[in-house]
Each structure stands twice: as C-alpha cells, then as structure tokens.
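Residues annotated as transmembrane segment in TrEMBL: A:15-36, A:76-97, A:117-137, A:166-186, A:224-244, A:271-295. The annotation domain 'ABC transmembrane type-1' is assigned in TrEMBL to A:76-294.
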Amino acid sequence: MTAQGRGRSREQWGYVPYLLPGLLLFTAVIGVPFLMNIGTSFTEWTGVGTPKWIGLGNYRELVQDGEFWASFEHNALIILGMAVVPTLIGLVLAAALTDLIGRHFGPRTASVLRACVYLPQVLPIVIAGVVWSWLLAPEDGAVNVLLGKIGLGSLAHDWLGDPATALWSVIGVMVWIQIGFPLVIFMSGLQRVDPSLYEAAEIDGATWARRFWHITIPQIRPEIFVVLLWTTIAALKAFAHIFVLTKGGPGGATNVPAYYSWTSFFEKSEVGYGSAIATVLTLLIVALTIVFLRLQGRDLGEER
Amino acid sequence: MTATLPKKSSAPPRAGRDAPHRRRRGPSAYAVLVALAAFAGVMLIPFVVVVFNALKTPEELTSHGPLSPPDGFNLDTMRAFWERTDFGHVLLNSVLISGSVAVLAVLLSVLNAYALGIGRIKGRMWVLVLLLMANTVPQEALVYPLYYLSKQVGLYDTRLSVIIVFTVIQSAFGTYLMASVLSAFPRPLLEAARIDGAGRWQVLWRVVVPVVRPTLSVLLVFFFVWTWNEFLIPMTFLISNENQTVSVALGVLHGQKLMDTTMSSAASLLGLLPTVVFFLIFQRTLSRGLTAGAIK
C-alpha cells in the first residue's frame, strides 16, 4: 500500500461488517470443532468414556505408519483423475458448447448436452458405486461384454479386483463423476463474455483453437483457478468413491489417507488416532491452499 | 477447424426459428455436434442401467442379469420402497434442508465474497484460507465435536442443526468462487454507481448481484445437490425417523443389505429424481444470463 493507502484502508473498513456473519458461523461450526479435534488428537479415546491424555503419542505413531504415507502415492493419480483431467475436458467441452454449439444450434441444444454431462454429479456416490460395480463386473459386466463384441475379448478382466487395474478403474469412474462440475462452472463464467467478442474474432478469421486460447481461457481464468484448487482438495479428501468401489483393496492398491482417517474413527473406534490423521491431512491441505492462492493472486494481479 | 462464413453476407440455407442470428452450419459444426451427443450418451449409460433395474421384477433380474432392458413397466418395487420408508415425509425433509441450505449458503457466500473480492480488505487471503477450512477439514473430524456442541445448545436431532452446519460448509466454495469472480469485477461499473450516490449495500444488490446472477444460480444448484447427497453428518445428527433425509434412508437401507438390486435401483431412481428436476428447472436461470449479456 502506498500514497493512497490511508484512504483505502478507511474505505476497506466499511466492508468488514459483511464478513461478520460468515466469521461468526465459521467459528461455531468449524473453528471450535476443529480445535476440539486437535485436542482429541493428543488423547487415546474410543469415542465413549473419558479420553486418556497421551501427548504426541498419536503423532509419533503416525510418522512411523508406513502404510499411511504410502497411500499418498495413490493420491497423485487421484488428483489426475479428479482434478486435472476433468478440468481439461471441462474446458474444452465448455468452449465447444458455448462457442460452437450454442451459437450454431441454439442455447437449448447446449443446455441439453450440459445437463447430460452434469447428471453424474447428481447421483449419490453410494448408487454410482453400485452401478459401476455392475458395469465393471468380471463375468457379465457391460464393459467386458462390450469388449467381447468388438473383438477385444482378450482385454476383458476383473477391473476392480485386479491390483494392476483397480486404481485406474476407480480413476475412470471419478472422471465420469467429476466432468460436470467444471463444465457447469466454466459455462456460467463464459456467460459474462460478450458474444460479440467471439463473433468479431470469427469474422476476423480466428480459428476455433485461437478463440479458445485468446478469449475463452483469459475470460474465465478465475473459474479455472477455483475449479483446480477445489477438485484438488476433493482429491486429497477422496474417500467415498474408494469406499463404495473397492474399500481400499485389493491388497491396499487403492488405499488413500482419508480412508485411514475414516476407518480409525468409525470402524476401529480409535478416535484419538483418527483425529491426529485428520489434523495432519487438514494442515497439509491448508498449506497447499496457501501456495495455490498466492499463485492465483499473483496471476490475477498481473492483469490489472 | 474450417473457417465459417461471415455473418449476414448470405442467408443461412437451413434457417432455424431465430435464424438471422445464426451462422451457416458447416459440416464441421455437425461433426462436433454428433461427437458431443455421442459423448453425452455415454455419460448417461449408468442412468439407463438404474432405470432398467428400477422397472424390473426380481425374477427378471435373476434370469437376465442387471444389464438387460425390462420386459414391462413394473412400478411395484418403487411403490414398495415408497411405503417402507414413508418416502413422502423423507422427501419433504430433504427438500426443506437442501433448499434452506442452498439459499442461506448463497447469501453467506455473497456477503463474504463482497468484502473479500470487491472490498479487497487487508489480509483477505488469510481470511479466505480460514473460511476455506470449512471444506478442508475432513467431515469425520467434525462429527464428534459437533455432536457435543449441538447437544449443549439443544439443537441435536433437529433439522436446523444440519441446515446451519451445511450452510457454513457449502458457503466455503461459494465464498471462494465469488471472491475470485468479484476480484475481476469491472471497477468502472462500481465507481460509476458510487459517484451516483449508491452506498455499499445498494451497490451490492443493484450492481454486483445482477451481473453475477448466472454464477449465483450455479451455486444454488450445487449447494442443493451437494446437501441432498450428504450422508455422514445427517446420519449422525438426524437420528429420529421423522427427521430422516433421502440419502440417509437410502444409505441405511443399503448398508443393512435390506435391499435387493431392484429395490436399490428403484430407491436410487426415486432419490435422484428430485435433484434432476431441480437442476432442469434451474437450467433456465443458467441460460438467462446469456440473453442478458447479449443485450448489453
């Protein structure tokens, strides 16, 4: 802040009341419970009775828990399946639906296609898991039947049961679930763009690829950052997809950190240890969030 | 991609209803349409499977497997599920909870984002990091503390407790998205309004909200759907039958292995229809922004 700093800071104070409801509710619903969670992480507790204080015991155990850290490797691939690939596909689809389909075949056609792609987001994950386990079933699953019909029967196998393909199959299902999320956000962002911008560019002979790169991407930059960070966080917390499809198996091939946390809390009744895992996971994600928001601030700041 | 012909130089040969606006559709445009329609079709396959099984009798299922089309239109399974779970009541709870959360969380997001994105208050990044923690903290870590807190304030086993919790959790995303969108908001528009004598409150509702309305509708839809499908916190907080939500009813029955395949398909179909309807209704709001932008 420079010469005009003082005037600006007084001006800023006028906006603080708008934050108060959010901050108050946050403190009650997330802030205090998270501090309680940190407190619990220093104890040994089964969820009932009196917690026993053990200091850093849970954290010491966690550092040495090789399986926990190994499960982070799967997270790298899950980020690919839940964040990177859906964002890329979503960008191309959003641009194609807005720039090509919307303008040549009418917004209604674009809306129908968008609805189809968004639909998997509506399906409860429990149900999605059940349906996909039918489709990927080893004997009469649709995927294997289809492969047989087009003469690739030799490729058919137990997709979720084979450690070599289980994680990739889960990632495939995640891509299917996720695409609708970036698509809808990107399309809503593109509605801020003046359509005459595209028309002018088209008249000037700009190809679709050039319009994508020079109009679509710059215009929805804020949305791209938001979607990438959000889906990455979701990937780091990914649990339900894994739980319903493979339960972390076969042989830990699809295990993820969030699954550890959940099983400690609700299956093994090691609430203290579960709290420690949740705390570590939260701090890791917060650190990532800070790095990401810094990058975003720098990138968006340059434009102004 | 081949260049399309310039506008207005020739009338499009295959004119649609509002033809003057549209360019000639080259073969490449049709190729893209076909490709996208095929892609959309593949996305829908799992839903077709759900509908197939929801309409089958258990006997059909055992003889033909889960992937064959049903012989007839059998609604008995759906009716049985409806009666067994008192589904009308459960549905009402879900609509009440998800609807309230969607509206309240959008409101909270807008207020937060106005201070962060337009007000650009000092330390906004740290406030944002803090508010985003509503999403970063794993929900399982919140279950025990929230259980004790809600018992203390007498909100345990009330729908209000779930509404409050999810308003905060969902608004994290709304705050972030809106703050990012609003920090790129055209400044001249704001300054013009301020010069005309509009206060912050009026600027928010008369200038900012109308421009970002399409994004707000997206948030509304997302919050509704996300809250609808939430399972863990509603299950631990709404223990009495009269407060149950659709996803809890589904999940509990599924977990107890009380449902065969046809029953769980029928249940899924009944459970996801309201969210689909909700999305389809709001599709219109999503596109309204397009026309508003075109007039400008």
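In case you wondered, yes, glycine gets a Cβ from its N, Cα and C as well.
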**Complete:** If you count CB pairs under 8 A between the transmembrane segment (A:224-244) and each of A:76-97, A:117-137, A:166-186, A:271-295, the winner is A:76-97
**Complete:** Note: vs the transmembrane segment (A:117-137), the recorded stretch with the largest number of Cβ pairs under 8 Å from A:15-36, A:76-97, A:166-186 is A:166-186
**Message:** Using a Cβ cut-off under 8 Å, which residues of the same chain at least 6 positions beyond either end of the transmembrane segment (A:166-186) come close to it?
**Reply:** 74, 77-78, 80-82, 85-87, 89-91, 93-95, 97, 114, 117-121, 123, 125, 128, 132, 136, 159-160, 220, 223-224, 226-227, 231, 238, 241-242, 245-246, 249-250, 253-254
